[in-house]
Amino acid sequence: MALFEDIQAVIAEQLNVDAAQVTPEAEFVKDLGADSLDVVELIMALEEKFGIEIPDEQAEKIVNVGDVVKYIEDNKLA
């Protein structure tokens, strides 16, 4: 499974939305109905799934699915 599909599955499960709604452009709050607690829990789930740490200052910059994909691509192998 490609990285995007892995991320898409985590987001869909965490936010209880259909995976088809989880597009690179989808914003967590505006498009997927997440609140601030949902976003924190989502970041934690992504950290656990991919074995990475997303510092708070970086997490604040992640507003859509594409941001997550880029961050994980850039940091997963670091």
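Backbone N, Cα and C define each Cβ position, glycine as well.
Here the domain 'Carrier' (1-76) returns a mean pLDDT of 96 for the predicted model. The domain 'Carrier' feature in Swiss-Prot is assigned to 1-76.
Counting only residues at least six positions away in the same chain, no Cβ atom sits under 8 Å from the Cβ of Ser36 (O-(pantetheine 4'-phosphoryl)serine). The feature O-(pantetheine 4'-phosphoryl)serine is assigned by Swiss-Prot to Ser36.
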